[in-house]
């Protein structure tokens with residue numbers, strides 16, 4: 001169920017929930033849920049995107065050491081392609097909350113909608129900049145996913161995954177067109193689908209139409 005609450009009145013056993021990886025063309029969407037310990041404040045919490053990599057790595061360890069409990073979850077590429085990215089994200093958030101070793105009294109979700117949970121929940125727009133527990137969740141999710149992207153770069157070299165983290169940068173799009181999609185690319189995303197169809201046409205001996213400017217008499 002979802003409730004509209006005055007967040008300033010909520011103190012103990014509030015879980016913050018956030019995700020990383022909705023926009024990339026490859027890799028899982030990663031989520032985290034965190035219940036902070038009011039007796040062990042963590043200085044410097046903020047939206048993970050506003051922190052340096054070194055600061056995120058430091059806070060990643062501190063959050064895991066000081067939080068009452070935390071859990072990192074995910075939805076795989078196959079689930080993203082089957083469900084769509086929104087529903088896969090909601091599923092991953094649900095898994096994160098359900099994975100907590102302590103049942104929260106309330107789950108505050110970054111964004112404008114909540115997954116279906118067995119505990120009260122409420123969305124908080126830009127919550128990773130407003131709610132410490134959501135900021136903590138954003139850090140756990142981002143550091144986890146960034147580390148995974150660095151590891152996948154070793155398995156799938158040539159795409160620059162460690163740098164762009166799977167987002168549709170010019171470098172990534174060029175590599176995708178040149179090399180074709182890997183098993184970790186999301187086939188339901190337009191640029192990946194286009195690259196996949198182009199590679200399939202080549203494998204079948206078909207031809208890919210050239211832009212008009214490249215055609216010669």
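Cβ atoms here come from the backbone N, Cα and C positions, even for glycine.
Not measured: the values here are computed from a predicted model.
110 is the residue from 110, 146 that Swiss-Prot records in the divalent metal cation site together with 18, 19.
Sparsest Cβ environment among the binding-site residues 18, 110 (other Cβ atoms counted within 10 Å): 110. All protein chains shown were included, and the count of other CB atoms within 10 Å of the CB of residue 19 (divalent metal cation binding site) stands at 27.
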